[in-house]
Amino acid sequence: MAPDMKRWSSPSPSVTDLYRDLHRHPELSGRETRTAARLASELSLRQFDVTHGVGGTGVVGMLRNGDGPTVLLRADIDGLPIREATGAPYASAATGVDRDGTTVPVMHACGHDLHAAALIGAIDVLQACGDRWAGTVAVVFQPAEETGEGALAMVADGLAGIVGTPTVALGQHVSPVPAGAVVTAEGVYGAASDNFRIRIHGVGGHASSPEAAVDPIIVAAAIVMRLQTVISRETAAHEPAVLTVSSIHAGHAENAIPDEAELTVNLRSFNASTRHRLINAVRRIVEAEAAAAGMEQSPSVERISGAPLLLNDPHATHRTFGAIGESGLDAHIVTQPMTGSEDFGVIGDALGCPSVFWHWGGTAPDRYSPQELSSLLTEGRLPAHIPMNHSPEYLPDLDWALPAGIHAMSTAALHWLQAS
Ligand SMILES: [Zn+2]
Ligand SMILES: [Zn+2]
């Protein structure tokens, strides 16, 4: 069904202002104190019972409206250490202090500000028609999604004791596809991700006398190249997996050999056996390259973050997308999972309820030419002029993205709240 924007509810000016405020004041993962306080006060204004500080900066709000299902609605709230280059009038000039103590620029480059504002807008829709549904709305504003830590932290800090066992957990993410489209998969929807920090311990020395040193840069370079064969030579063509060396650091002076090199590696996989095979291959290659260079001290391979597979309950997803598709949004159920990852599934797993997660389009449809739209649909290819999430230029088109997100979330929530 083609999208019908006239059926989407427009956000109140205060929800649009909330979005702009969150966008202007992004905070790093686990440091979302201002964001959490702002969202908690929005929930209190709307008569929710609010619990602060769940898993660090997480916020949980409960709204009871008679007997009926409990529907958990989750939005993540963290920004990224990226300098915003969107040129928006409400662009961020914020900085934050990262875990290494370095001051970094911060930006809502993944759209989590929009997730939070759209969830508040969806609550307004639900409250405006409170006589048409019964049950409990459990709102979860989750910190630290980007580092894969926030959902686990909220669960470990007693989320179940606040929300009980919901009937369903719903979550959504904005993407650069045209507004009006919503996309999900039944079953595996997001990759498991595993991030490793690798430290290679060489022997430093003078650049003029490499024979007296053990050069960690050569070993790092060999590791980077050899790791490319884990996917290209060790992984079957029909087995989806991704391995990216995402950072490499070594040395300072132009006339010295450093004593250490550090790499980070990001893995994405879609089942447990591939995941274990990739992790073992990384360890094997790192250790073997260090041994080949005659390093006495073994390198360290430390898992620093990640997220489990994102599993959409097939039945609950089918139901939810049926309702979304009938509501004036163009609902696509795809068969290929995305290679992106999400820790949303941790919540449903821990609470023992089905999870449904989807992406919604946040880009004005007229920014796509008909040809670009068709290559998006057939090959999943984004046009070069449309930045994607995590780009310094990524910015949802507010007039489209916010109403579409509110409409998708409120439609999905109402479907479950009216199903008692
Ligand atoms: Zn992200
Ligand atoms: Zn995100």
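Backbone N, Cα and C define each Cβ position, glycine as well.
TrEMBL annotations: computationally assigned, not manually curated.
Keep in mind that this is a model prediction, so the values were computed, not measured.
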Cys110, His112 bind Mn(2+) 2 in TrEMBL, but which of Glu84, Glu146 does that record place at the same site? Glu146
So which binding-site residues out of Cys110, His112, His173 are up against ligand 1, CB under 6 A? Cys110
For a quick check of packing: other C-beta atoms within 10 Å of the C-beta of His112 (Mn(2+) 2 binding site), how many? 29
Which of the three DSSP-derived classes (helix, strand, coil) applies to His173 (Mn(2+) 1 binding site)? strand
In the domain 'Peptidase M20 dimerisation' (195-291), how many residues does DSSP put in helix, strand and coil? 40 helix, 33 strand, 24 coil
Glu146 (Mn(2+) 2 binding site) versus His173 (Mn(2+) 1 binding site) - Cα distance in angstrom: 13
Are there residues of the same chain, six or more positions away from Cys110 (Mn(2+) 2 binding site), whose CB falls under 8 angstroms from its CB, and which are they? Gly79, Leu80, Glu146, His173, Asn389, His390, Tyr394
